[in-house]
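Working notes, beginning with the structure itself.
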């Protein structure tokens, strides 16, 4: 039965210290090991020579490996373990940080520039300095963990072709893309708020999508507008008027009658007159003012009163007067905001027994 030769590690004596002349051949790698210094061809030759099974062949292979290991310094066990695990020792961490920063800068530059321009720049840089290395160059074994220029260009092209992936955070985008996405979100939010506000009026009434909610102010034009005026005033005012009362004011002073229209619907009306008072000065009188309850608190009443006053001023008016119920706080506030003052209290002025206040506005 053939004897199995003992392993080289158990028979060979420990390696002798390296000669001073061999110090110049040491490996420049801080985490250098015997496997990093030997090339693949040398390892293959050693395996071929030691594969014959004779003790002499094993001793020759062991001696050759020992001689190759003398060229690299022995490192502490923890650094050897880092080298075996693919980690970079403390001595090369600054090189890795510099390489990472350089790769980020190159990726951003290639993403901003066209593909052709980036390729031409890379080619010119390689041809201009063939023998020089960049100041922060990294050894080949450390570069394997970093993405190359071609990979960065491919990632930038993928981000440009797939905006949805970049928007979801799958690909790191530039600051300009982030600003554009933020502006787009703001525009979408503002458009949604505008749509929600335009489809609902201030009183909560739903509006149809194609309906025009713009308030228009027009002057009285024809008898066809009389039913709308009567409907508004009869519904909102406590004092009933006959058709003759309306015609007295509107037919004699049509230039002092204004309507507020929303689409084809009349939502507000004012009826006034202007004549001589005691043969001394011209007095304007606001006889009726009504606004639909669904459209109140939109400034319609104020705008109608202003238009009537401007028309009276064009007719050389000296003062404007009106009467309103003493309990109608909203009407009193509207007129007082326009400069009217309380002139006189009229007791039991209306048919329902409520007192009235006479308000006056002096124009001269």
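Cβ coordinates are placed from backbone N, Cα and C, and glycine is handled just like the others.
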- From 39-65, 66-92, the residue range that Swiss-Prot assigns the feature region 'Disordered': 39-65
- Note on the structure: N6-acetyllysine per Swiss-Prot, picking from 235, 279, 294, lands on 235
- Per DSSP, to which secondary structure element type does residue 235 (N6-acetyllysine) belong, with helix, strand and coil as the options? helix
